[in-house]
Amino acid sequence: MDLKPNIRRKEKRNLLKGEAALEKKGSIDRKTKNKAYPSTTHDPHQNDDSNIPGLGSGLLERIKDIVQRPTDTQLKGQDSNHKKASLTETKTEKAKVKPKAKKKNSKEKISKSSKQDEHKTDVHKESVSKLSKNLESRNNRDENSAKREKNNSHQVEADTNNATEMVSSNAKKSVYPLYYDSATVKKGLKSGTLFKGTLRILENHRSAFACMEDIPDFYVDGPIARNRAFHNDVVIVEPVMNNDSPTEKSNFLQNGVEKVKIKDHDDELGGAMEHLERLEIKSVASFKGDSRTRARVVAIEKRAEISKIVGILRAPGWSLKNVEYVSKKSSYAIFIPKDKRLPFITIHKNDLSDLSGENWIENILKHHDQLFSVEITRWSIYSRYPMGVLGEKLGNITDVEAYTNALLLENGISSSPFSDEVLNCLPPDDWIISHEEIKKRRDLRNELIITIDPETARDLDDAVSCRALDNGTYEVGVHIADVTHFVKPDSALDKEAASRATTVYLVQKAIPMLPPLLCERLCSLNPNVERLAFSVFWKLDSNGKEIGKRWFGKTVIKTCARLAYSEAQGVIEGKSWDDAVGKPIGGTHTPKDVETSILTLCEISRKLRKDRFAKGAVEINSTELKFQLDEYGMPNKCEVYEQTDANHLIEEFMLLANRSVAEHISKNFSNNSLLRRHASPKEKQINEFCHFLKSMNFDFDASSSAAFNASMVRLRSTFNEELVELFENMAVRSLNRAEYFCTGDFGEKTDWHHYALSFNHYTHFTSPIRRYPDIIVHRLLERSLKNTSPGIDKKNCSLVAAHCNEKKEKSTTVQEDSQQLFLSVYIAEYCKKHDKKSMPVQAFATRISGNSIDVYISEYGISNRVDLSSDDRIKSFIVAPDDSSVKITLFDDSQKTIALTDRFQVYLYSDYSRTFFSIRCSLVSLN
């Protein structure tokens, strides 16, 4: 199929601290490899408190602009897909007409010249004050260090193999400063002149932030200030004075191309390097900076784990202006990573694997539409870009599976078959539960236990039960697959599960954490078969209040019915069993028995939900997409999934089970328990969200989780449903990410708190088939019941937590990028089917700034940007002084005015003209 899925990757919902903390159980099947109606939407069976689509790859394209993050407002509408930018600075009036002609050079831009005041906390002021006294000595130190490296370096090896380029050190000028030595770093951290944080690079590639734990983030402006650091590196930064800002303003031309003369392999790239810098730096002339204290990277404490880098290869001299130009003088190819937070990479002609040789340039040109992997090998202080070695060819960028494999590779997710060593740990295919094992457990095989899951789910790891007792009370049970019976500590199977850490759900398939024999058969709580389980029982009244002690223990169960969410919802809505479900029931149970159980559980779950929000939990609904695929695996239907009472039923009891287990294991193992926490929002992020709503004449109180939720309730009653959907997704971006942690790493139990759920103790217990932390928690719970040691020390518990946090973030990135990929293909298929060039959709204006309008498209739960300056059908436009509206004149002299929150029609199309996939948005139809 001739599709070129190069849609712009949607910004990660959780990449910039956007992981929401609600437990939702969606009815989309995220548990099966081959689905009739597959999707990557959140399944509350996972009990994942990051249910709201959020840090790689995200729900809202450039949503940070909506929240008016200062850095992004200065980017002047330049997108991250190497789009050609007009780099002409204009006068600094608040609003002006922008006449546009058909010729590119006749355009003018709107720009705002008002400078934002520098915001500094006391600790920043003190640090900068200290630094200002020593700036001269520091600069001298850097200069002397660079000279020392030059004097000691008589040659520079360009890369591995035989590609060694000899360059006289006297002809070199360093692009980047040397890193501080360990003694200087230690002294600076102790004195408060240096700070340690995690570097977060935005997708415009220029802007970055050094994220701190207890103080406001530092703004790191540009690649020179980043000093060869990558996204997620743990870095040491030094605040800089305004007049010492590492933006090197004197080193940049007005069009944003750096003047620094680079006497290394960069020289061989010739004019191509200048164009690469234009693409990467964008419009520096229109960049106004950030109000936060600026800093520069002076050392790298820990490199982020970078898997293979995926991208496309271009011949030397290539540019978007002239894709056919080739520089015969250069010995270096240009590699453009798919991840826009990564720099361009140069590759010597001898390091191009099978493409090397006498005809290396011709070979590159023949493979212009292929995806490759690359490993970075070296980054000299004399070279603006790192050097690398070409890896494997992944396939054509028009192939969905090739692109999917690229997503997996760049995020370090293994899709390889399980090894023989792992498979040898499994029981035989005909395994059955022994009588000896049944005697060790509580026998629940005759109890009425049901599962409620997505219709096409294969790995059923949780079930529920409800039995009426005396005096209007009930025994409610949650039963979880006993995975640890099969996955023994330190076995090859255990190590593989720990390495994978999570099942990854793509639109078209799932990559399981455990072999199919376990996740689809022996551990799956399929109906009418005996299965091992780990159960939790509560005695509850009709209001959901606990009466008496909880019971935890190993059980053997036999579920009598398997229901899909839609079927359970039909029962809740009063439909008969035959109309709603129409399935046979196992054992001696009747349809009436099952209906009564579902209705009772639903009623109790409503009380639990109401009580949870009354105690301060945050309710934020997320937009979730589901796709229907045809027989060729292509999307022929895409829609937003809606939560129902059946979803909430499972959600509440999974939350209750996770909280109950967390309280139990942390009481028994206070220093060795693996829990999940969610910190309160950072003041900066929440203030930006509140400020945005203030501009909408709405006062949002975020002083506590209870106040936050109360404000969300008021929000829903004030604005229409589609705007509320937008605000809810923006609210997610103001929240931190929830994370796994070892209790021994936090001395104060208040740090264990889960902000969004408003729980003091929380963990993941209910999805051991597809989450490794749940396996650890099962082991801790079992050992606590046996009154033995925890079986895991604090150090290893901390390592597991950190590893699982990283794997979860990467899996979320892949899942969201997979959705973006299929959405782009769906749009392309729609246009092809209807013989159109674009798809009409309704949108809301969420931000008007400079030369662009940010829009939210509720039909697909995505944000996009309408670039007014690059559309030749727009003659001129005038932005109001307060950025509240824009008046647009088309070349047919028709006019339209668009104000914030206005609903209007835009047109989506899949853009294959650049590198990589991109969903673009136009104000005027392309048809």
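Using the three backbone atoms N, Cα and C, a Cβ is placed for every residue, glycine included.
As written in Swiss-Prot, here are the features:
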BINDING   Asp453, Asp462  Mg(2+) binding site
COMPBIAS  1-12  compositional bias 'Basic residues'
COMPBIAS  13-31  compositional bias 'Basic and acidic residues'
COMPBIAS  97-106  compositional bias 'Basic residues'
COMPBIAS  107-152  compositional bias 'Basic and acidic residues'
COMPBIAS  153-168  compositional bias 'Polar residues'
REGION    1-168  region 'Disordered'
SITE      Asp461  site 'Important for catalytic activity'
For this session: For Asp461 (site 'Important for catalytic activity'), just give me the three-state DSSP call.
Result: coil
Problem set entry | Rounded Cα separation (Å) that holds between Asp453 (Mg(2+) binding site) and Asp461 (site 'Important for catalytic activity') | 10
Exercise. How many other Cβ atoms are found within 10 Å of the Cβ atom of Asp453 (Mg(2+) binding site), counting all protein chains shown?
Worked result: 26
Exercise. According to DSSP, which kind of secondary structure is Asp453 (Mg(2+) binding site) found in, if we only use helix, strand and coil?
Worked result: strand
Seminar exercise, completed: Here the 10 Å Cβ neighbour count for Asp462 (Mg(2+) binding site) comes out at 27
Problem set entry | CB contacts for Asp461 (site 'Important for catalytic activity') [other CB atoms within 10 A, all chains] | 27
